[in-house]
Amino acid sequence: MTLLVTGGRILRPDHTVERADVRIDTDGDIDAIGDLERTERDQPLDAEGGLVTPGFVNAHGHAAMTLLRGYADDKPLDAWLQEDIWPTEAELGPEDIAAGARLAAVEMIRSGTTAFADMYFHVPELVDVIDEAGLRARVGHGVVTVGKDEAAAEADVQEALDIAAEYDGAADGRVRTAVMPHATHTVDTDSLERLVAGAQERGVPLHFHFNETESYLDPDGTGERPGAYADRLDLLGDSAWAAHGVHLTDEEIDRLADTGTAVVHCPASNMKLASGLAPVERLREAGVTVALGTDGAASNNDLDMFGEMRDAAMVGKLAADDASAVPASAVVEMATQAGADALGLPGGKIAEGEPADLAVVDLSGAHLTPEHDLVSHLAYAARGSDVRHTVCDGKVLLRDGELLTLDPATAKREAEERAREAVERAS
Ligand SMILES: N[C@@H](CCSC[C@H]1O[C@@H](n2cnc3c(=O)[nH]cnc32)[C@H](O)[C@@H]1O)C(=O)O
Ligand SMILES: [Zn+2]
(Lines of atoms letter the chains of each structure in order from A and count residues from 1; the text may use other names and numbers.)
(Lines give C-alpha, C1' and ligand atoms only; values in the text may rest on other atoms or scores of the structure.)
(Ligands and ions follow the chains in the order given, each with its own letter.)
Protein backbone atom coordinates (compact mmCIF):
# COMPACT_ATOMS: atom_id res chain seq x y z
CA MET A 1 0.00 0.00 0.00
CA THR A 2 1.03 3.58 -0.63
CA LEU A 3 0.46 6.19 2.07
CA LEU A 4 -1.47 9.36 1.22
CA VAL A 5 -1.12 12.32 3.57
CA THR A 6 -4.33 14.16 2.73
CA GLY A 7 -5.90 17.57 3.20
CA GLY A 8 -2.98 19.39 4.84
CA ARG A 9 -0.74 22.27 4.01
CA ILE A 10 2.91 21.49 3.45
CA LEU A 11 6.07 23.36 4.33
CA ARG A 12 8.16 23.53 1.18
CA PRO A 13 12.00 23.57 1.27
CA ASP A 14 11.91 27.33 0.58
CA HIS A 15 9.57 27.72 3.59
CA THR A 16 6.54 28.69 1.58
CA VAL A 17 3.36 26.93 2.68
CA GLU A 18 0.97 25.41 0.18
CA ARG A 19 -2.14 23.25 0.22
CA ALA A 20 -1.09 19.82 -1.02
CA ASP A 21 -1.39 16.06 -0.48
CA VAL A 22 1.71 13.87 -0.28
CA ARG A 23 1.90 10.33 -1.71
CA ILE A 24 4.53 8.00 -0.26
CA ASP A 25 5.53 4.91 -2.21
CA THR A 26 6.11 1.45 -0.76
CA ASP A 27 9.87 2.15 -0.54
CA GLY A 28 9.13 4.96 1.89
CA ASP A 29 9.98 7.78 -0.52
CA ILE A 30 7.86 10.79 -1.43
CA ASP A 31 6.39 9.99 -4.80
CA ALA A 32 4.09 12.91 -5.54
CA ILE A 33 3.04 16.24 -4.03
CA GLY A 34 -0.04 18.18 -5.13
CA ASP A 35 -3.79 17.85 -5.44
CA LEU A 36 -3.92 14.05 -5.47
CA GLU A 37 -6.93 11.83 -6.07
CA ARG A 38 -7.10 8.99 -3.56
CA THR A 39 -6.88 5.57 -5.19
CA GLU A 40 -7.71 2.20 -3.67
CA ARG A 41 -3.99 1.54 -3.17
CA ASP A 42 -3.67 4.58 -0.87
CA GLN A 43 -3.86 4.24 2.87
CA PRO A 44 -4.93 7.73 4.04
CA LEU A 45 -3.33 9.80 6.81
CA ASP A 46 -5.49 12.79 7.66
CA ALA A 47 -3.60 16.10 7.73
CA GLU A 48 -6.69 18.35 7.52
CA GLY A 49 -6.11 21.44 9.68
CA GLY A 50 -2.45 20.51 10.03
CA LEU A 51 0.93 21.60 8.71
CA VAL A 52 3.05 18.86 7.15
CA THR A 53 6.65 19.65 8.07
CA PRO A 54 9.88 17.74 7.54
CA GLY A 55 10.57 15.49 10.53
CA PHE A 56 12.86 17.27 12.96
CA VAL A 57 16.53 16.31 13.18
CA ASN A 58 18.02 16.35 16.67
CA ALA A 59 21.66 16.68 15.69
CA HIS A 60 23.35 16.17 19.07
CA GLY A 61 22.37 14.12 22.09
CA HIS A 62 22.72 11.15 24.36
CA ALA A 63 19.33 9.39 24.22
CA ALA A 64 19.65 7.16 27.28
CA MET A 65 20.42 10.18 29.45
CA THR A 66 16.65 10.41 29.83
CA LEU A 67 17.38 8.12 32.83
CA LEU A 68 19.23 11.03 34.47
CA ARG A 69 16.59 13.69 33.75
CA GLY A 70 16.22 15.88 36.84
CA TYR A 71 18.79 13.85 38.74
CA ALA A 72 21.44 16.58 38.94
CA ASP A 73 20.50 20.12 37.99
CA ASP A 74 21.82 23.61 38.52
CA LYS A 75 25.54 22.92 38.27
CA PRO A 76 28.28 23.88 35.76
CA LEU A 77 29.45 21.31 33.19
CA ASP A 78 32.67 19.98 34.78
CA ALA A 79 31.22 19.50 38.27
CA TRP A 80 27.98 18.11 36.84
CA LEU A 81 29.82 15.51 34.73
CA GLN A 82 32.46 14.54 37.28
CA GLU A 83 30.42 14.55 40.47
CA ASP A 84 27.03 13.35 39.27
CA ILE A 85 26.78 12.10 35.70
CA TRP A 86 29.92 10.01 35.14
CA PRO A 87 29.66 8.07 38.45
CA THR A 88 26.04 7.18 37.67
CA GLU A 89 26.75 6.35 34.02
CA ALA A 90 29.36 3.88 35.28
CA GLU A 91 26.43 1.91 36.74
CA LEU A 92 24.43 1.74 33.50
CA GLY A 93 24.37 -1.64 31.80
CA PRO A 94 23.10 -2.56 28.32
CA GLU A 95 19.50 -3.09 29.48
CA ASP A 96 19.51 0.31 31.19
CA ILE A 97 20.65 1.95 27.97
CA ALA A 98 17.86 0.18 26.07
CA ALA A 99 15.27 1.41 28.58
CA GLY A 100 16.57 4.99 28.50
CA ALA A 101 16.75 5.01 24.72
CA ARG A 102 13.22 3.61 24.42
CA LEU A 103 11.91 6.41 26.63
CA ALA A 104 13.81 8.91 24.47
CA ALA A 105 12.31 7.39 21.33
CA VAL A 106 8.80 7.77 22.74
CA GLU A 107 9.48 11.42 23.50
CA MET A 108 11.10 12.12 20.14
CA ILE A 109 8.40 10.45 18.03
CA ARG A 110 5.64 12.22 19.95
CA SER A 111 7.26 15.60 19.29
CA GLY A 112 7.87 15.04 15.57
CA THR A 113 11.56 14.13 15.59
CA THR A 114 12.42 11.52 12.97
CA ALA A 115 16.23 11.53 13.03
CA PHE A 116 18.85 12.06 15.70
CA ALA A 117 22.54 11.81 16.47
CA ASP A 118 23.64 9.80 19.46
CA MET A 119 26.96 9.61 21.31
CA TYR A 120 26.87 7.13 24.18
CA PHE A 121 27.81 3.55 25.07
CA HIS A 122 26.18 0.11 24.73
CA VAL A 123 25.45 1.15 21.15
CA PRO A 124 24.17 -2.31 20.02
CA GLU A 125 21.22 -2.00 22.42
CA LEU A 126 20.53 1.53 21.18
CA VAL A 127 20.52 0.27 17.60
CA ASP A 128 17.92 -2.39 18.50
CA VAL A 129 15.69 0.30 19.98
CA ILE A 130 16.06 2.52 16.89
CA ASP A 131 15.13 -0.45 14.73
CA GLU A 132 12.06 -1.21 16.86
CA ALA A 133 11.00 2.46 17.13
CA GLY A 134 11.32 3.09 13.36
CA LEU A 135 13.54 6.15 13.73
CA ARG A 136 16.61 7.21 11.74
CA ALA A 137 19.93 7.99 13.45
CA ARG A 138 23.65 8.53 13.20
CA VAL A 139 25.18 6.74 16.21
CA GLY A 140 28.58 6.21 17.77
CA HIS A 141 30.41 5.01 20.85
CA GLY A 142 31.67 8.04 22.81
CA VAL A 143 35.35 7.77 23.68
CA VAL A 144 36.87 9.31 26.81
CA THR A 145 40.50 8.52 27.65
CA VAL A 146 41.31 10.99 30.47
CA GLY A 147 41.53 9.19 33.79
CA LYS A 148 41.90 5.76 32.10
CA ASP A 149 44.99 3.58 31.94
CA GLU A 150 46.46 2.73 28.55
CA ALA A 151 44.66 -0.60 28.18
CA ALA A 152 41.26 0.87 29.06
CA ALA A 153 41.80 3.83 26.70
CA GLU A 154 42.89 1.46 23.94
CA ALA A 155 39.80 -0.71 24.47
CA ASP A 156 37.52 2.35 24.29
CA VAL A 157 39.11 3.47 21.00
CA GLN A 158 38.82 -0.03 19.55
CA GLU A 159 35.19 -0.34 20.60
CA ALA A 160 34.34 2.96 18.88
CA LEU A 161 35.99 1.80 15.65
CA ASP A 162 34.38 -1.67 15.76
CA ILE A 163 30.92 -0.22 16.40
CA ALA A 164 31.33 2.26 13.55
CA ALA A 165 32.16 -0.55 11.15
CA GLU A 166 29.61 -3.08 12.33
CA TYR A 167 26.42 -1.04 12.61
CA ASP A 168 26.67 1.25 9.58
CA GLY A 169 23.54 0.48 7.55
CA ALA A 170 21.68 -1.34 10.35
CA ALA A 171 17.87 -1.11 10.76
CA ASP A 172 17.29 -1.33 6.99
CA GLY A 173 19.78 1.46 6.42
CA ARG A 174 18.16 3.90 8.85
CA VAL A 175 21.10 3.59 11.21
CA ARG A 176 24.40 5.09 10.11
CA THR A 177 27.48 5.40 12.27
CA ALA A 178 30.20 7.86 13.15
CA VAL A 179 33.39 7.78 15.18
CA MET A 180 32.85 9.91 18.27
CA PRO A 181 35.70 11.14 20.44
CA HIS A 182 33.97 12.86 23.38
CA ALA A 183 35.96 16.10 23.03
CA THR A 184 39.40 17.44 22.13
CA HIS A 185 40.48 17.73 25.79
CA THR A 186 39.00 14.45 27.13
CA VAL A 187 40.74 12.21 24.56
CA ASP A 188 44.56 12.12 24.33
CA THR A 189 46.32 13.07 21.10
CA ASP A 190 47.39 9.53 20.17
CA SER A 191 43.86 8.22 20.57
CA LEU A 192 42.44 11.14 18.58
CA GLU A 193 44.84 10.35 15.75
CA ARG A 194 43.82 6.69 15.77
CA LEU A 195 40.14 7.62 15.76
CA VAL A 196 40.57 10.02 12.84
CA ALA A 197 42.50 7.41 10.83
CA GLY A 198 39.91 4.75 11.71
CA ALA A 199 37.03 6.98 10.65
CA GLN A 200 38.75 7.72 7.33
CA GLU A 201 39.41 4.01 6.71
CA ARG A 202 35.80 3.14 7.41
CA GLY A 203 34.44 6.10 5.47
CA VAL A 204 32.33 7.34 8.38
CA PRO A 205 32.15 10.88 9.80
CA LEU A 206 33.49 12.25 13.09
CA HIS A 207 31.46 13.86 15.84
CA PHE A 208 32.67 15.46 19.09
CA HIS A 209 31.92 18.13 21.70
CA PHE A 210 33.76 21.30 20.73
CA ASN A 211 34.59 24.54 22.61
CA GLU A 212 31.63 24.13 24.93
CA THR A 213 33.16 25.74 28.03
CA GLU A 214 36.40 27.49 29.01
CA SER A 215 37.88 24.15 30.11
CA TYR A 216 37.94 23.03 26.44
CA LEU A 217 40.17 25.86 25.30
CA ASP A 218 43.68 24.44 25.79
CA PRO A 219 43.19 20.82 24.73
CA ASP A 220 46.77 19.51 24.93
CA GLY A 221 48.19 21.99 27.44
CA THR A 222 50.38 23.81 24.91
CA GLY A 223 48.21 26.89 24.53
CA GLU A 224 47.17 25.92 21.01
CA ARG A 225 43.46 26.71 20.42
CA PRO A 226 41.16 23.71 19.89
CA GLY A 227 40.31 24.88 16.37
CA ALA A 228 43.95 24.81 15.25
CA TYR A 229 44.58 21.57 17.15
CA ALA A 230 41.51 19.80 15.73
CA ASP A 231 42.36 21.00 12.23
CA ARG A 232 45.96 19.80 12.57
CA LEU A 233 44.70 16.35 13.63
CA ASP A 234 42.18 16.27 10.74
CA LEU A 235 39.17 16.17 13.03
CA LEU A 236 37.57 18.97 11.01
CA GLY A 237 36.14 18.33 7.58
CA ASP A 238 32.99 18.36 5.52
CA SER A 239 31.65 15.12 6.96
CA ALA A 240 32.46 16.11 10.58
CA TRP A 241 30.01 17.82 12.86
CA ALA A 242 30.86 19.48 16.16
CA ALA A 243 28.51 19.99 19.09
CA HIS A 244 28.17 23.34 20.88
CA GLY A 245 30.86 25.68 19.46
CA VAL A 246 30.17 28.22 22.19
CA HIS A 247 33.60 29.81 22.72
CA LEU A 248 34.94 30.49 19.24
CA THR A 249 37.50 32.99 17.96
CA ASP A 250 36.98 34.59 14.53
CA GLU A 251 39.84 32.41 13.32
CA GLU A 252 38.05 29.28 14.53
CA ILE A 253 34.81 30.31 12.86
CA ASP A 254 36.72 30.76 9.57
CA ARG A 255 38.36 27.37 10.06
CA LEU A 256 34.98 25.68 10.57
CA ALA A 257 33.67 27.42 7.44
CA ASP A 258 36.76 26.62 5.34
CA THR A 259 36.81 22.94 6.33
CA GLY A 260 33.03 22.55 5.91
CA THR A 261 32.60 21.37 9.51
CA ALA A 262 28.99 21.69 10.70
CA VAL A 263 28.16 22.95 14.20
CA VAL A 264 25.24 21.78 16.33
CA HIS A 265 23.87 24.55 18.49
CA CYS A 266 22.40 23.28 21.79
CA PRO A 267 20.83 26.40 23.28
CA ALA A 268 18.98 24.88 26.24
CA SER A 269 21.99 22.89 27.41
CA ASN A 270 24.24 25.93 26.99
CA MET A 271 21.89 28.08 29.03
CA LYS A 272 21.24 25.48 31.73
CA LEU A 273 24.94 24.72 32.30
CA ALA A 274 25.74 28.44 31.84
CA SER A 275 28.29 27.40 29.20
CA GLY A 276 27.93 30.68 27.29
CA LEU A 277 26.28 32.26 24.26
CA ALA A 278 27.15 30.53 20.97
CA PRO A 279 27.80 32.95 18.08
CA VAL A 280 25.08 31.44 15.89
CA GLU A 281 24.53 34.49 13.73
CA ARG A 282 28.26 34.88 13.07
CA LEU A 283 28.59 31.18 12.23
CA ARG A 284 25.71 31.38 9.78
CA GLU A 285 27.10 34.55 8.20
CA ALA A 286 30.46 32.80 7.77
CA GLY A 287 28.69 30.02 5.85
CA VAL A 288 28.91 27.30 8.52
CA THR A 289 26.06 24.77 8.51
CA VAL A 290 24.43 25.23 11.91
CA ALA A 291 22.09 22.46 13.09
CA LEU A 292 20.16 22.16 16.32
CA GLY A 293 20.33 19.63 19.15
CA THR A 294 18.84 19.08 22.57
CA ASP A 295 21.94 17.40 24.04
CA GLY A 296 21.05 14.83 26.72
CA ALA A 297 17.83 15.09 28.70
CA ALA A 298 19.84 15.69 31.88
CA SER A 299 20.96 19.11 30.63
CA ASN A 300 17.85 20.30 28.83
CA ASN A 301 15.60 18.65 30.32
CA ASP A 302 13.47 17.39 27.42
CA LEU A 303 13.96 16.25 23.82
CA ASP A 304 11.40 18.56 22.23
CA MET A 305 12.85 20.26 19.13
CA PHE A 306 10.13 22.92 19.23
CA GLY A 307 11.54 24.13 22.55
CA GLU A 308 14.99 24.06 21.00
CA MET A 309 13.88 26.19 18.01
CA ARG A 310 12.33 28.76 20.28
CA ASP A 311 15.37 28.84 22.58
CA ALA A 312 17.74 29.17 19.61
CA ALA A 313 15.81 32.11 18.19
CA MET A 314 15.52 33.84 21.55
CA VAL A 315 19.07 33.38 22.77
CA GLY A 316 20.47 34.01 19.29
CA LYS A 317 19.04 37.53 19.40
CA LEU A 318 20.43 38.11 22.84
CA ALA A 319 23.87 36.81 21.80
CA ALA A 320 23.92 39.08 18.72
CA ASP A 321 22.26 41.98 20.56
CA ASP A 322 19.96 42.16 17.55
CA ALA A 323 16.26 41.22 17.40
CA SER A 324 16.57 40.40 13.71
CA ALA A 325 19.26 37.77 14.35
CA VAL A 326 18.41 34.03 14.13
CA PRO A 327 14.88 34.58 12.75
CA ALA A 328 12.07 32.01 12.71
CA SER A 329 12.94 30.71 9.28
CA ALA A 330 16.57 30.16 10.34
CA VAL A 331 15.69 27.97 13.32
CA VAL A 332 13.22 25.91 11.27
CA GLU A 333 16.01 25.39 8.74
CA MET A 334 18.46 24.46 11.52
CA ALA A 335 16.02 21.92 12.96
CA THR A 336 15.35 20.24 9.60
CA GLN A 337 17.50 20.58 6.46
CA ALA A 338 20.68 21.74 8.23
CA GLY A 339 20.38 18.83 10.68
CA ALA A 340 20.12 16.30 7.87
CA ASP A 341 23.08 17.96 6.11
CA ALA A 342 25.20 17.99 9.28
CA LEU A 343 24.54 14.31 9.93
CA GLY A 344 24.86 13.30 6.29
CA LEU A 345 21.42 11.69 6.42
CA PRO A 346 18.60 11.96 3.88
CA GLY A 347 15.40 13.81 4.76
CA GLY A 348 15.07 17.29 6.22
CA LYS A 349 12.83 18.43 3.38
CA ILE A 350 9.52 17.59 1.80
CA ALA A 351 10.29 17.02 -1.85
CA GLU A 352 9.68 14.33 -4.44
CA GLY A 353 12.29 11.57 -4.28
CA GLU A 354 13.20 12.30 -0.65
CA PRO A 355 12.47 9.70 2.01
CA ALA A 356 9.17 10.44 3.76
CA ASP A 357 10.42 11.67 7.14
CA LEU A 358 7.74 14.08 8.24
CA ALA A 359 5.52 15.35 11.03
CA VAL A 360 1.99 16.73 10.90
CA VAL A 361 1.54 19.60 13.34
CA ASP A 362 -2.03 20.20 14.44
CA LEU A 363 -2.84 23.91 14.14
CA SER A 364 -6.12 23.95 16.05
CA GLY A 365 -4.73 25.13 19.40
CA ALA A 366 -5.60 28.55 20.78
CA HIS A 367 -1.86 29.22 21.01
CA LEU A 368 -1.61 28.72 17.21
CA THR A 369 -4.40 31.15 16.33
CA PRO A 370 -4.57 33.28 14.17
CA GLU A 371 -2.54 31.89 11.29
CA HIS A 372 -0.58 34.93 10.16
CA ASP A 373 2.63 33.01 9.62
CA LEU A 374 3.05 29.25 10.08
CA VAL A 375 6.87 29.37 10.09
CA SER A 376 6.61 31.81 12.97
CA HIS A 377 4.25 29.39 14.74
CA LEU A 378 6.70 26.51 14.32
CA ALA A 379 9.54 28.55 15.77
CA TYR A 380 7.80 30.49 18.50
CA ALA A 381 4.41 29.09 19.48
CA ALA A 382 4.01 25.39 18.65
CA ARG A 383 5.08 22.62 21.02
CA GLY A 384 5.90 18.96 20.64
CA SER A 385 2.47 18.08 22.01
CA ASP A 386 0.89 19.68 18.91
CA VAL A 387 2.27 16.87 16.73
CA ARG A 388 -0.55 14.67 15.41
CA HIS A 389 1.34 12.21 13.19
CA THR A 390 5.00 11.27 12.75
CA VAL A 391 6.24 9.34 9.71
CA CYS A 392 9.78 8.05 9.21
CA ASP A 393 10.97 6.37 6.02
CA GLY A 394 7.35 6.18 4.94
CA LYS A 395 6.24 4.28 8.02
CA VAL A 396 3.69 5.82 10.39
CA LEU A 397 5.23 5.87 13.90
CA LEU A 398 2.61 8.13 15.51
CA ARG A 399 -0.99 8.32 14.32
CA ASP A 400 -3.41 10.78 15.93
CA GLY A 401 -1.09 11.03 18.92
CA GLU A 402 -0.95 7.27 19.35
CA LEU A 403 2.43 5.54 19.21
CA LEU A 404 2.37 2.55 16.89
CA THR A 405 5.88 1.13 17.31
CA LEU A 406 6.43 1.36 21.07
CA ASP A 407 4.31 1.07 24.18
CA PRO A 408 4.76 4.34 26.09
CA ALA A 409 3.41 3.02 29.42
CA THR A 410 5.87 0.14 29.46
CA ALA A 411 8.72 2.38 28.32
CA LYS A 412 8.01 4.83 31.15
CA ARG A 413 7.69 2.13 33.79
CA GLU A 414 10.93 0.42 32.79
CA ALA A 415 12.87 3.67 32.60
CA GLU A 416 11.52 4.73 36.00
CA GLU A 417 12.63 1.47 37.63
CA ARG A 418 16.02 1.28 35.96
CA ALA A 419 16.80 4.94 36.68
CA ARG A 420 15.96 4.47 40.36
CA GLU A 421 18.10 1.35 40.63
CA ALA A 422 21.09 2.92 38.85
CA VAL A 423 21.04 5.93 41.14
CA GLU A 424 20.83 3.62 44.19
CA ARG A 425 23.83 1.63 42.96
CA ALA A 426 25.81 4.84 42.36
CA SER A 427 25.19 6.31 45.81
N1 LIG B 1 32.77 5.87 27.03
C2 LIG B 1 32.72 7.14 27.71
C3 LIG B 1 31.35 7.74 27.65
C4 LIG B 1 31.25 8.82 26.67
S5 LIG B 1 29.62 8.97 26.06
C6 LIG B 1 29.41 10.68 25.96
C7 LIG B 1 29.47 11.42 27.26
O8 LIG B 1 29.10 12.77 27.05
C9 LIG B 1 28.53 13.24 28.26
N10 LIG B 1 27.82 14.50 28.03
C11 LIG B 1 26.51 14.75 28.00
N12 LIG B 1 26.26 16.03 27.75
C13 LIG B 1 27.46 16.62 27.62
C14 LIG B 1 27.86 17.95 27.35
O15 LIG B 1 27.09 18.89 27.19
N16 LIG B 1 29.20 18.16 27.28
C17 LIG B 1 30.10 17.19 27.46
N18 LIG B 1 29.76 15.93 27.72
C19 LIG B 1 28.45 15.66 27.80
C20 LIG B 1 27.66 12.10 28.67
O21 LIG B 1 27.27 12.18 29.99
C22 LIG B 1 28.57 10.89 28.36
O23 LIG B 1 29.36 10.56 29.45
C24 LIG B 1 33.22 6.94 29.14
O25 LIG B 1 33.97 6.06 29.33
O26 LIG B 1 32.87 7.70 30.02
ZN1 LIG C 1 26.53 16.37 24.62
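Residue numbering: from 1, along the chain as shown.
Using the three backbone atoms N, Cα and C, a Cβ is placed for every residue, glycine included.
In the record from TrEMBL, residues E89, H182, E212 bind substrate; the candidate from D295, D302, D304, D311 listed for the same site is D295. TrEMBL names H60, H62, D295 for binding Zn(2+). Of H185, H209, H389, the residue it gives for the same site is H209. Neighbours of H60 (Zn(2+) binding site), defined as other CB atoms within 10 A of its CB across all chains, total 28. In the three-state DSSP assignment, the secondary structure recorded for H182 (substrate binding site) is coil. In this structure the alpha carbons, written CA, of H182 (substrate binding site) and H60 (Zn(2+) binding site) are 12 Å apart.
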